[in-house]
Amino acid sequence: MAGGPPEAQDHPPENGFTPLERPAPRLLPHIDGCVLPSLGGFGRHQKHLVVLTWIPALFIGFSQFSDHFLLAQPTSTCLQPRGGNASNWTAVPPPPASASGAPARQFKGNDSAEEPPCSCKEWKLELQTGLRQNVVTKWNLVCDSAWKVHIAKFSLLVGSIFGYLVMGVMADWFGRHPVLILSVLFMLVFGLTVAFSVNVTMFSTLRFFEGFCLAGLALSLYVLRIELCLPAWRFSMTMVASFLKVGGQLLMPGVAALCHHWPNRDDWQVLQIVIISPFVLMLPYVWIFPESLRWLLATQHYKRSKEMMLRIARKNRVDMSTEPSGLLTELEQELHKKPQRSCIVRMMSTRNLWKNIVVLCVNSLTGYGIHHCFARSMMDPEAQPTALCHADYYTMAGIAVATCLALCPAVGLMGRRGGLLTFMIITALASLLQLGLLNLIGKYSLRHDTVLRDTLNRKFSVAFSIIGMFSSHAVSTLSIFFCAEITPTVIRGGGLGLVLASAGFGMLTAPIMELHNQKGYFLHHVIFACCTLLCIICLLLLPEPRGQPLPESLADGETFTRQTLLHPGEQHLLLAKCDKDYSRVHDTPLHLTATGGATVAAATALAAVPASYALATGGEVIGNRAIANGV
């Protein structure tokens, strides 16, 4: 009976191994590739939420630049000297404010012995920023009390630094939504209380907590905006928020001018209330703004994730019942798992991720630190304080607008890493040329025409300062966005908080230099110029995140590394082919001589083994032949 071909199951598997079925790939970890496209992509729901993250950016711009008005230095005139006859003194308009922030003063008297400039009993203080009174004029923070103004400036920046660090960790542990709501509530409490400060100590203390809450608000909105977008939309949506923040900077002088018409003389209190009150509009975010779906999936909050996915699909008009990818089926199988939270400390256990974040921290610190150096070089020491204040403020705002406009096409053409590297090179060139070229112009040319030399130096200094401020602002903005893209979702808040805190340290150098009367300013600029050269080298080690999905876990962030210059399979081209045989090079006397006595001994010992084996084998062969001959 002729049988057909045998069945496959009748034969045992080859080599005794049963082939294993390859498990189906998981869909939930691939949020940008599977989850969000299944829910409608960057649909109607996501766009509405992104718009809600844009609105507070304008209010954040108000608060971050309020120091330019609340703590502005006034023009001051001494009306009555201390311990002298007022009739012997004539009050004259003072020269420009000194670099330390305390206005310099001139006095004319009939006596030959003139008192020190700060020996004044009664001052006449006048503001040129649109307000009739601010913190400096209310409590006479001039002369010997001028250092309190710098402490007040410190308080907001130091509070922001601590806020970025603490709120970033809390955003990773408890979620983005709780941090956002807590920051809004306490921002209203501390911000409104600042307006009712009774002394400068209370003002500085409350400003610290205001900066703390402002940092938590800005960080949580930044992370939520990034995590709502697909790769093609991330940068453009972030730049819109940057434009609105700069818009708040441009509108602040107008808001201050409107507060000037308030009947009460304490119009600085009105200004503080006006810039804090709009945050009341964010109170409904408790109900209308959800938690980040990306964070819920990355931390295995699958029950909450299921509810949110159904809600997003309903608002985007996507029918999940006919969804073919099996996303909900896989989610149902994972509901039994417990949530797993992470902290930024776990970054230290990685090999590549912590290096990338440290490089971006140094870039952010250098960008904001050297930005102050360029801003200080751009100031005209012979200008009056009023013109100096308004010109510098609007110049910095205009440079920020130009930076945002230039970043969009630059990043689109060169990518994140290429754009960041280009702007860092421009910053380094502007800094080095300003430090070296201007000295060469004054030393080797135009030595006899001092007026022309000083005019040329001044024009070159202003030109390099504007270029440096433009490029350094771009470096700082792009470093923060770069970090948000390469940091995994489970620690994105903490990683972004580190980079933003580094930016705060860079901004902190400005009031520190003013407190020390700009002593060591040149060395300060030289140090940051050297840092730009170091950053250029380190930037080559960063990956390119353009068009890539956001990493979700630490493993994803660890595999997110720099692309090699050669494509896979081309490494063999680096090795030249050769027809010569070098297999017996180790047997040459030259090799034995070069390797030393230890290698000779080892080679001798190894050679003894085959020799003895050959001797034994040869004896056995001879004996066999003798037996055969005898037979």
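Glycine is no exception: its Cβ is also placed from the backbone N, Cα and C atoms.
According to TrEMBL, the region 'Disordered' annotation covers 1-23, 82-111. Marked as domain 'Major facilitator superfamily (MFS) profile' by TrEMBL: 49-546. Residues or ranges marked as transmembrane segment by TrEMBL: 154-174, 180-200, 212-233, 270-288, 393-413, 420-442, 462-484, 496-515, 521-542.
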Q: For the transmembrane segment (270-288) and the transmembrane segment (180-200), decide whether they are in contact, meaning at least 3 CB pairs lie under 8 A, counting pairs 6 or more apart in sequence.
A: yes
(Q) Ranking 180-200, 212-233, 393-413, 462-484, 521-542 by the number of C-beta pairs under 8 Å to the transmembrane segment (496-515), which range is first? (A) 462-484
Q: Quick one: find which recorded stretch in 154-174, 212-233, 393-413, 521-542 has the most Cβ pairs under 8 Å with the transmembrane segment (462-484).
A: 393-413
**Q.** Leading stretch by Cβ pairs under 8 Å, where the reference is the transmembrane segment (180-200) and the options are 154-174, 212-233, 393-413
**A.** 212-233
**Q.** Intrachain residues whose Cβ lies under 8 Å of the transmembrane segment (393-413), provided they are six or more past its termini
**A.** 68, 235-236, 239, 242-243, 246, 249-250, 253, 375, 378, 419, 422-423, 466, 469-470, 473-474, 477-478, 546
**Q.** Averaged pLDDT, computed only over the residues in the domain 'Major facilitator superfamily (MFS) profile' (49-546)
**A.** 83
